[in-house]
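Beneath this line is the structure, given in structure tokens, with notes to follow.
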Amino acid sequence: MSAPHGTPGATTTGGGLLARVRDRRLVGTPSRAQTVAYGASAFPSNLLMQTFSAFVVYFYVDHLGVRAGWVAGAMIAHGILNALLNPLVGAVSDRRRTRWGRRVPWIVLGIVPLVVAFALVWTPPAVGPTGLVVWFLVVVALFDVAYVVVALNISALFPEIFRTTAERARGNTPRQIFGLVGMILGTAGAPLLYGGPGWVAMGLLLAVVSLAFFVWSLAGMVERPVDVAAVRSREAAVGLRDQLRYTFANRAFVTYVLGSLLLQSTTAIVLAAIPFYVRYVVGGAEADATFLLAPIFVAAIPSIVGWSWVVRKIGPRSAMLWVVAVYGLATCLYLVPSTVLGAALAGLAVGVGVAGLMQVLEVALAQVIDDDERRTGLRREGMYFGANGFVVRGSVIVQAVLVAGVLSASGYVEGAGDVVQPDSVATGVRLLLGGVPVVLAALAFVCFWLYPLRGRDPGDTDAALTEADASPTAADPLPR
């Protein structure tokens, strides 16, 4: 028996609470409670990853005394593993169907290993440096596998739960707000914990809090009913190699993911360059970096609501173009300030653009997935989110190359301490923060201008449905 519009249905063939949970399916529009619960999953996802990314190298190198080169090598291995896992896990998730659904079983099975692995990262055994590197490699590998399994499947549910641009723009708002709060606490809250109770207490506390939020978010993770026999028949004709080929032959996806890679690279550059900007451009203390980062987050949280309205009004493609224009122009403001206050004010404008990126990019990827379904007859959210995750990991490489290249070209002296850097360093850093991002944003603008899906998506209006069905990607050589 299916549930009323807007609530998850349940087929009680097995009887009892477990069967009702197992057989629940979403029919119609998700309720507000389900939307908020699903969005809550972004808080622990970002809290865990932000804390790990920001402090794990410092913990193992400075606190435990492991050689920096060894940790750097381990982090490279971590990045490669994470990138490769994304499309693999996505493809497996797309094809594995159970009575509990496609995505939810992976999420349920992965949550506990994820938080346990995170806690273990900060509780190493009392061994020597070599043993610590081995521990780091093993535990981080477990963390990587569990994180990709959980986070990718949560993301893959987004286009399924929210079916139209309007639903997705509204549904993405609490999710991105929760995500921003997780990023803020992962960056600013973690030092308060490891500086007080200690690293082990920090790891355990954040793991427990994350587990509680993940459990709450399961209330909003409800899959929709499908004709399993028909879908499996269609899947049998499309192997993994064909799935990869179809994904990277999709012009809508290629233009989207290249633009996304460029924009992810700009945000990585901004975060990496701010400490240099504080010290060598505006002449602040190292602690003043907080005053430059905080306005970005402060402006982003309310701006997400505004960008949600924009996406609903003009559709994903036009919204992406506006977002890139606003974000690119905002980063140019870093070319002007000579004080910490001025740079903080520039950060407010950048935060508005960052909010737009967070709001519109996943809505546009969901549109790509809808278009792919109309051409292939398959819902392949896992493959698309996985392929996207694989490509955007390249932003780390782009950031490292550009930051190192600009600093080197400007005459920056590594490890100079209190020695005065050449005047050209200030110019180079200013260009790194206010010039390089706008160039990358301009290239992203070109990518999104070439993005072929000009409508919103099916369900918004009849006109949007007709336009989407007639999109240029419909001519791509994919089977039907």
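We count from 1, first residue shown onward.
The backbone N, Cα and C atoms fix where each Cβ goes, and this holds for glycine too.
In TrEMBL, annotation is done automatically, which means it is predicted and not curated.
Taken straight from TrEMBL:
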- 35-61: transmembrane segment (TRANSMEM)
- 67-92: transmembrane segment (TRANSMEM)
- 104-122: transmembrane segment (TRANSMEM)
- 134-156: transmembrane segment (TRANSMEM)
- 177-194: transmembrane segment (TRANSMEM)
- 200-222: transmembrane segment (TRANSMEM)
- 253-278: transmembrane segment (TRANSMEM)
- 290-310: transmembrane segment (TRANSMEM)
- 319-337: transmembrane segment (TRANSMEM)
- 343-369: transmembrane segment (TRANSMEM)
- 390-411: transmembrane segment (TRANSMEM)
- 431-451: transmembrane segment (TRANSMEM)
Stretch of maximal Cβ-Cβ contact with the transmembrane segment (35-61) [cut-off: under 8 Å; candidates 134-156, 177-194, 253-278, 290-310]
177-194
Compare 177-194, 200-222, 253-278, 390-411, 431-451 by their Cβ pairs under 8 Å to the transmembrane segment (134-156) and return the stretch that comes out on top.
200-222
Of the listed stretches 253-278, 290-310, 319-337, which one has the most C-beta pairs under 8 A with the transmembrane segment (343-369)?
290-310
Flag the pair the transmembrane segment (200-222) / the transmembrane segment (104-122) as in contact if three or more Cβ pairs fall under 8 Å (sequence separation 6 or more).
yes
Checking distant contacts: for the transmembrane segment (177-194), what same-chain residues at least six beyond its ends satisfy Cβ-Cβ under 8 A?
39-51, 54-55, 59, 201-202, 205-206, 290, 293, 297, 300-301, 304, 358
Within-chain partners of the transmembrane segment (67-92) [C-beta distance under 8 Å, separation at least 6 from its ends]:
56-57, 60-61, 129, 133, 136-137, 140-141, 144-145, 147-149, 152-153, 156, 240, 243-244, 381-390, 393, 396
Looking at the stretches 253-278, 319-337, 431-451, which one shares the most CB pairs under 8 Å with the transmembrane segment (390-411)?
253-278
